[in-house]
Amino acid sequence: MKTRPMKSDWIATARTLSEAVPFLRRYDDAIVVIKFGGHAMGDAEAMASFARDIVLMRQVGVNPVIVHGGGPMINAMLAKLDINSDFVNGKRVTDAATIEVVEMVLSGLVNKRIVQAINREGGRAIGLSGKDANLIVCDPADPALGFVGEPVEVTPDTLLQLVRSEIIPVIAPIGTGREGETFNINGDTAAGAIAAALKADRLLLLTDVSGVKDAQGKVVTELTVENIEEMTAAGVIAGGMIPKTETCVTAIRGGVRAAVILDGRAPNACLLELFTEHGAGSIIRRG
């Protein structure tokens, strides 16, 4: 016996596809840099859903470039190895022992899990870090924090070659120093720097929040750089949202057309943001 979905389901699907058509044209051959992080990384189904979305984006002509984090996995491995961390103003000091673990976890464990998830869904992904082909060269972000880097040079040639070959780059936020040191880079910061170097059409920061909120706690769906600066000065944007919006503003000033902060835990968040009228988070434009 064979059954069919209700007619209302067919109509809803048709409407969704119809709505997506102009956006599919809009993003054909566009480069979209996506920072994958938050709790979605630790959930197998969320990881698989993300991978399917990325593969679909590639199949319809979008060029996704993935940058990932991995803080919880790093914490777990440091605890397992009984390596204690010092903190300065709430930020981890990354000493010589810690940076080895950070690189091992980000490049060797987290990166390959994401690559494998994408390839399992039919995509072609390749994993690399900011060290490969001198992709990201760093200076120390703060000497007191040890091997934590701030990108000063991004060479995107290798990424462009991969994108032209319809391969999905997956990048671990590890950079190299001017003297050959290894640096850990904040994932959002790395994604923003790479997006600017690629002159990406979009930078998507997947987080554990639904977007930038106003003074009443409601998500603001569209903002300008000036709005961000005003809300930050007024204390409306505060705490952990400040570095995320700063990353977006810096990327936009560096040549990215727009940046979006959205909830990576929501199903199909990237697809909803790119291919629907409503979007899925807070989009920031130059103004």
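A Cβ is built for glycine as well, from the same backbone N, Cα and C atoms used for every other residue.
The model shown is predicted, which means the values in this text are computed figures rather than measured ones.
Database features (Swiss-Prot):
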- Lys35: site 'Transition state stabilizer' (SITE)
- Gly70, Gly71, Arg92, Asn184: substrate binding site (BINDING)
- Lys244: site 'Transition state stabilizer' (SITE)
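Counting Cβ atoms from all protein chains shown, Asn184 (substrate binding site) has 28 others lying within 10 Å of its own Cβ.
Cβ neighbour count for Lys244 (site 'Transition state stabilizer'): 23 (other Cβ atoms within 10 Å of its Cβ, all protein chains included). Every protein chain shown contributes to the tally, and the Cβ of Arg92 (substrate binding site) ends up with 19 other Cβ atoms within 10 Å. On a Cα basis, Lys244 (site 'Transition state stabilizer') lies 18 Å away from Arg92 (substrate binding site). In this structure the residues listed as binding substrate are Gly70, Gly71, Arg92, Asn184; their two most distant Cα atoms lie 14 Å apart. Of the candidate recorded positions, Lys35, Gly70, Asn184, the one lying closest to Lys244 (site 'Transition state stabilizer') when CA atoms are compared is Lys35. When Cβ neighbours within 10 Å are tallied across all protein chains shown, the highest count among the binding-site residues Gly70, Gly71 belongs to Gly70. Cα separation, Lys35 (site 'Transition state stabilizer') to Gly70 (substrate binding site), rounded: 11 Å.
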